[in-house]
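Undergrad: The structure's right below; bear with me while I get my questions together.
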Amino acid sequence: MLGPNGAGKTTLLNSISGVARPTAGSITFEGRDITGMRPEQVVRLGITHCPEGRQIFQRLTVEENLVAAHIRRAGRSFEALRAEAFDLFPVLKERRNSVASRMSGGQQQMLAIGRALMAEPKLLMLDEPSLGLAPKIVHQIFRIILDLSRNGISILLVEQNVQLALECGDYAYLLNTGKVKLHGPAQEMAEHSALSEHYLGGVNETVLHV
Amino acid sequence: MLGSLIQQTVNALTIGSIYALIALGYTMVYGVLRMINFAHGEMFMLGAYVAFLVLSMLIGTVGGAGAIALTAAFVIAIFLVGVIGVGIERIAYKPLRNSTRLAPMLSSLGVSLSLVTGIQILAGPQPVAFPSFFPAVRYEVMGGTVSSVQIGILIAAFALMFGLHFLVNRSRIGIIVRAVSESRPTAQLLGINVNGAISMVFFVGPLLGAAGGILYASYYGIMTPTMGAVIGLKAFTAAILGGIGSIPGAMLGAFILAFVEVGGTALLPIVTHGVLGTEYRDVLSFAILILVLLIRPAGILGEAVSEESIVYKREF
């Protein structure tokens, strides 16, 4: 999901996860109408929202962040899910007893994704996971996001880094002022001239004004 | 001199541990809901009345109860008050959760008045003699007097605080309560059982407050329907002093307040040559509250004033 600031990307994620109530339209997941459902119901259906700015519990330890996010249902045990998260992000295992606020931005993002996985999502919505991170860390995180996608978790990624997003994604939507302006397979979108017009064009404009 | 020092220290620890039990309820509720529960002092009062009722139902009388009956009455009473606390939250606060910050606080004032008046109607407004929950033995320690009631209160209060520490820091529900305290929106987004965490706080807080009430009534041998008012305010002061929202802060604040009160009450007449007597004890406690609010509103262990509290002021 691409688009300039204020295009409505986060609002879209908030509407899906039940934090915001849409004023019109409907949201369907696996053939089921989920419009207006409360966040805890949406999570139990298998949609997890990994919010912008990570929003990890700063005063809790790494392990406690994972414990808090584990949803008790008929699914897999906490231990199994934690082991999986630790496999994906070995640094979380190393620092499992550290208070989350003491971790670097990259580690906090890994914790945010690890924590989201504790709810066993079928659809994982990531809101700008690259925000404020060094390029090297961003690549590391995107490699793991691709792994998750190969393991059968659908990913809905909101990203400002257009190039990276189009390289990783299968299908892309361009959102502006709350409307889908363009959509198509990521590869085609990458070659589409209109994309630079809508999106990168906008960026250039701002640069000129500055 | 040493004897009276020991005696005053034990006095301060006794009253401090009772303040701490009540202050914990204020701070935990504030932690998860950013709300001051003005009805919390009444949980303290209810503790004593419910224990009295349970005891008289268990053995038909309240005098001369054995250790087993007293322990059973204590445990049943604090558990019942915990359940009452959860019920009050469901009825009086939960429907107002998405309203303004002020609404549940006003509702809690209403709950407080209803409980005091309710008990006055049911049990009468006059003070009632309360049985001691501990055998009354006095020990002489280096010239000072320490009673077994005080020791019993200290043991019971510290056992409960240790239990709370374990619950909050080691158990799954404790972790969830801390997550909800830190950010309710994020907890909701992750599908965490926010209502469960809030109910837990409204069970544990009143339970501890009720325990404080039973210990207090058994210390002074008396209970009244209005006993929660001043003690509730003192414990609230302790919670603010320690940093509201902080569990260690509530305990620290309670003991500091108790030591200042007991020490101040002992020293005031000496220092001022009898101009200010022991009746200035409450003035001293509330002067601390005013000073803390003026100098360091976040309290000793509280976090620095955040953007959130600015929003909070604007809402009023």
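Using N, Cα and C of the backbone, Cβ positions are placed for all residues, glycine too.
From TrEMBL, here are the annotated features:
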TRANSMEM  B:12-32  transmembrane segment
TRANSMEM  B:44-62  transmembrane segment
TRANSMEM  B:68-88  transmembrane segment
TRANSMEM  B:109-129  transmembrane segment
TRANSMEM  B:149-168  transmembrane segment
TRANSMEM  B:189-216  transmembrane segment
TRANSMEM  B:222-244  transmembrane segment
TRANSMEM  B:251-271  transmembrane segment
TRANSMEM  B:283-305  transmembrane segment
Undergrad: If I count Cβ-Cβ pairs under 8 A between the transmembrane segment (B:222-244) and each of B:12-32, B:44-62, B:189-216, B:251-271, which range comes out on top?
TA: B:12-32
Undergrad: Before we move on, state whether the transmembrane segment (B:109-129) and the transmembrane segment (B:44-62) share at least 3 Cβ pairs under 8 Å, counting only pairs 6 or more apart in sequence.
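TA: Yes, since the transmembrane segment (B:109-129) and the transmembrane segment (B:44-62) share at least 3 Cβ pairs closer than 8 Å, they count as touching.
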Undergrad: For the transmembrane segment (B:44-62), could you work out the same-chain residues 6 or more beyond its ends whose Cβ comes under 8 Å from its Cβ atoms?
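TA: Contacts with the transmembrane segment (B:44-62): 22, 69-70, 72-74, 76-78, 80-81, 84, 115-116, 119, 123, 128, 130-131, 206, 209-214, 216-217, 223-228, 231-232, 235.
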Undergrad: I need to check the long-range neighbours of the transmembrane segment (B:68-88): which residues 6 or more away from its ends have a CB within less than 8 Å of a CB in the stretch?
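TA: 39, 43, 46-47, 50-51, 53-55, 58-59, 111, 131, 133, 156, 199, 202-211, 214.
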Undergrad: Quickly jot the same-chain residues contacting the transmembrane segment (B:283-305) by Cβ under 8 Å, restricted to those at least six beyond its ends, or write none.
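TA: Beyond its ends, the transmembrane segment (B:283-305) has Cβ neighbours at 233-234, 237, 239-246, 248-249, 252-253, 256-257, 260-261, 264-265, 268.
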Undergrad: Let me spell it out: take the transmembrane segment (B:189-216), skip the flanking residues so only those 6+ beyond its ends count, and list any with a Cβ under 8 Å from a Cβ in it.
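TA: Those are 17-19, 21-22, 24-26, 28-29, 31-33, 37, 40-41, 43-48, 50-51, 74, 77-86, 88-90, 94, 133, 153, 156-157, 160, 164, 167, 173, 176-177, 179-180, 223, 227-228, 231, 235, in sequence order.
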Undergrad: Same chain, outside the transmembrane segment (B:149-168) by at least 6, Cβ under 8 Å from its Cβ: which residues?
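TA: Residues packing against the transmembrane segment (B:149-168) from afar: 10-11, 13-14, 17-18, 20-21, 24, 74, 132-134, 136, 174, 177-178, 204, 208, 211-212, 215, 218-219, 247, 251.
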